[in-house]
Amino acid sequence: MIRRIRTLTPLLVLACAGSGAWASKKAFNIQDDLLAYPQFQVFFPDEYILDARARELLQNQQESSSASADKTFSEGNDAQVYLGSRKDQSEDVNKETIEGSGFTYEEMLLEGQRYLCSIPQVDNGNRDQTNGAESTSKEDEQREIARATDRGLELLREMEGKCMYYISGWWSYSFCYKKQIKQFHALPSGPGVPNYPPIEDSTTHSFVLGRFPNSGDDEDLEGDAEHKKTTTDVAELQTKGGSRYLVQRLGGGTKCDLTGKDRKIEVQFHCHPQSTDRIGWIKELTTCSYLMVIYTPRLCNDVAFLPPQQDEAHAIECREILSEEEVSDWEANREYHLAQQLVESAITPEFPVVGDIEVGAHKWVGSEGKQIEKGRVASIGEEKIEVVAKRQNGEITRLSKEELKKYGLDPEKIETLKSRLEELAKGKDWTLEIVESNGERGLVGTVDSNDDEKEDHAAQGSISQPAQGTTADKGESNAETGEEKKKADEKIDHYEPEKSGPTTDDADDGSEEIFFKDEL
């Protein structure tokens with residue numbers, strides 16, 4: 001793509017220079033980017049043109065340019081007649097249509113393929129003006145500038161009696177139209193001090209950057225021709241980059257200690273349709289010389305201050321040049337690509353794709369096939385339980401040694417825990433389970449309890465037993481010394497009794513769970 005853009009850049013420059021579209025469409029600006037804000041845009045339509053037809057168009061264009069050059073030496077004569085080989089009447093009609101279509105043709109070679117590009121011609125009446133017309137145009141332009149300046153000052157008159165503020169770090173600025181522009185330090189906002197407008201701190205120095213001319217003096221000197229100021233002395237209309245704005249230069253500010261002269265400031269009023277009156281920015285260009293930009297919708301009421309509209313780019317169409325033998329292959333290839341587009345459009349993705357990411361696919365970004373793991377908070381309450389051993393109705397069952405090794409459990413330690421549960425159960429049913437919860441794994445022993453043994457259950461603690469043999473002694477020692485009583489988790493799961501007549505004692509029946517922590 002970059003190579004194609006570099007190849008087409010000379011074509012765009014040639015079109016801009018040859019057609020004269022710049023002068024007729026908008027004001028010329030050296031900062032304009034031909035590629036970012038193009039006056040022309042190149043298209044490659046899905047069409048072709050025969051080689052014979054392309055040669056004919058280029059030849060007719062060359063003859064037409066020669067005829068226009070010879071026309072200056074034969075005034076009063078009609079257009080020069082083409083003296084080449086005899087053509088049919090249909091070809092003559094096509095020739096007249098082509099010459100009157102307002103296009104110029106250029107042959108281009110791009111990546112080994114020939115193209116015929118049609119460039120639209122844009123009329124430029126400014127270059128055909130005589131000297132008298134140019135002088136008249138300059139006079140009209142001066143009158144338009146004076147009119148727009150008067151109109152701009154009239155629109156800004158509505159700002160009289162109003163002030164705007166701008167805060168920039170330590171300094172704050174106030175702009176009061178027809179009065180002055182001041183730089184001061186504002187008091188910090190607090191009780192009794194509003195955040196806006198900023199209140200000047202009287203304990204610090206403030207500076208006047210510029211004062212407006214006294215309107216009363218202008219009225220007193222209105223009849224005096226020597227002191228009467230013209231409109232352009234008060235304000236000036238400037239143009240930059242196709243946009244016009246009003247400029248007022250103010251002096252008479254506070255004396256500068258470094259230069260020994262009064263401070264001065266240039267105020268620019270720009271049209272901004274989607275904004276209220278506000279100070280855009282202010283900066284010190286040179287020592288004690290400032291520039292302030294004000295955006296106001298008031299100037300937008302005059303067409304002279306409206307921002308330039310972006311014109312639509314003229315289309316340059318480049319078609320492939322094919323011979324008659326290549327047409328069949330080109331059409332077959334085109335039908336194949338159209339069929340592929342239909343197939344691809346019919347395939348709907350399983351998950352919506354946003355920025356090349358399948359939303360809801362549970363995949364790591366940039367890593368194929370990996371599932372996004374849930375955080376610790378998201379997995380609270382989720383448990384995986386597997387029965388390791390249990391006693392039910394006097395019969396004891398447990399997992400085989402191979403199954404225990406799958407869970408990383410030592411069969412000898414499981415046998416020790418089973419014996420410990422037998423001692424605690426005292427002939428009752430019990431269950432030994434392995435539980436995975438919150439990213440941790442542990443062994444839970446559950447013993448069925450009766451009402452007569454509730455007090456004994458409350459006094460029992462949890463026995464901590466690791467799964468690996470290296471920490472077995474540690475778990476048994478904690479159980480014997482009773483240190484695990486503080487860390488024990490004990491809960492009673494109440495269940496519905498099987499007896500037909502529910503009683504108070506039956507409702508309190510349950511089971512005791514003893515936790516054996518599995519340190520992995």
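Residue numbering: from 1, along the chain as shown.
A Cβ is built for glycine as well, from the same backbone N, Cα and C atoms used for every other residue.
Between the listed ranges 225-228, 249-252, 517-520, Swiss-Prot ties the annotation motif 'Prevents secretion from ER' to 517-520. According to Swiss-Prot, Cys288 forms a disulfide bond with Cys256, chosen from Cys163, Cys176, Cys256, Cys318.
Checking the candidates Cys176, Cys271 against Swiss-Prot, the cysteine paired with Cys300 through a disulfide bond is Cys271.
Per the record's binding annotation for mannooligosaccharide derivative, residues Trp170, Trp171, Gln183, Asp257, Arg263, Glu284, Tyr290 show a top Cα-Cα distance of 20 Å. The Cβ of Cys300 (disulfide bond) has 17 other Cβ atoms within 10 Å, all protein chains considered. Comparing local CB density within 10 A for the disulfide-bonded residues Cys163, Cys176, Cys271, the maximum falls on Cys271. Shown are the binding-site residues Trp170, Tyr290; the one with the most C-beta atoms within 10 angstroms of its own C-beta is Tyr290. In this structure the C-alpha atoms belonging to Arg263 (mannooligosaccharide derivative binding site) and Cys288 (disulfide bond) are separated by 5 Å.
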